[in-house]
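Q: Not my notes, these are from TrEMBL:
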| type | residues | note |
| --- | --- | --- |
| TRANSMEM | 41-63 | transmembrane segment |
| TRANSMEM | 69-94 | transmembrane segment |
| TRANSMEM | 128-151 | transmembrane segment |
| TRANSMEM | 157-178 | transmembrane segment |
| TRANSMEM | 190-209 | transmembrane segment |
Amino acid sequence: MAGNIDLCIRVSEDKSEQEHGQIHIQDEEFDYSQRGQWLRAAVLGATDGLVSVASLMMGVGAVKQDVRAMILTGFAGLVAGACSMAIGEFVSVYSQRDIEVAQMKRDKIISGNEEEIEKEALPNPIQAAAASALAFMLGAIMPLLAAAFIVDHKVRLGVVVATVSLGLVIFGWIGGVLGGSPVVKSCFRILVGGWMAMAITFGLTKWIGSTGL
């Protein structure tokens, strides 16, 4: 009799442990998904900063050999791009937040539950804006540092292209891993896209400069 009672208690404890383990696994999966979204957004922001600022520097380098002009242009692109990313992300996330708040209010009215809305579950516009701006600046600073200490004009352009290519491969690899897509294809796509952006900017700026406009 006592043995049977002990057996029932052990089964109950096992079920409790299993339920606790399932909840713990679900929490971990949720946290991982949230982290993945933030990391992917950061990778996209850094890639944007890397390609846009490098393209600006290549465009100026097509018509001017002055390293100062190239660095100032890149720095201006860094500041303008970071501000643009922050403002755009703030407006976008705030709009999403308003939509979610309105939907939660409608759901509570329909269900008759007038409890206070859980603000912790809502997206944070300020945090999103700061993260986007920081990611953009981290990507944009790579070509700036690469060109800052190179005196020869042609070597400087080559170093910028090489640095950007390396950064794009790294960001493509990270994006592929986080997105679950083939890493080689991800790196290839982002690398070709970056090369095209720099080549088009360099070519068009050089052509416009040669026409005397």
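Here the Cβ of each residue, glycine as well, is placed from N, Cα and C on the backbone.
TrEMBL does not curate its annotations; it predicts them automatically.
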Q: Would the transmembrane segment (190-209) count as touching the transmembrane segment (128-151), if touching means at least three Cβ pairs under 8 Å and pairs must be 6 or more apart in sequence?
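A: With fewer than 3 qualifying Cβ pairs, these stretches do not touch.
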Q: Residues of the same chain, at least six outside the transmembrane segment (157-178), with any C-beta under 8 angstroms of its C-beta?
A: 36, 39-40, 43-44, 46-47, 50-51, 54, 57-58, 61, 139, 142-143, 146-147, 150, 184-191, 194-195, 198
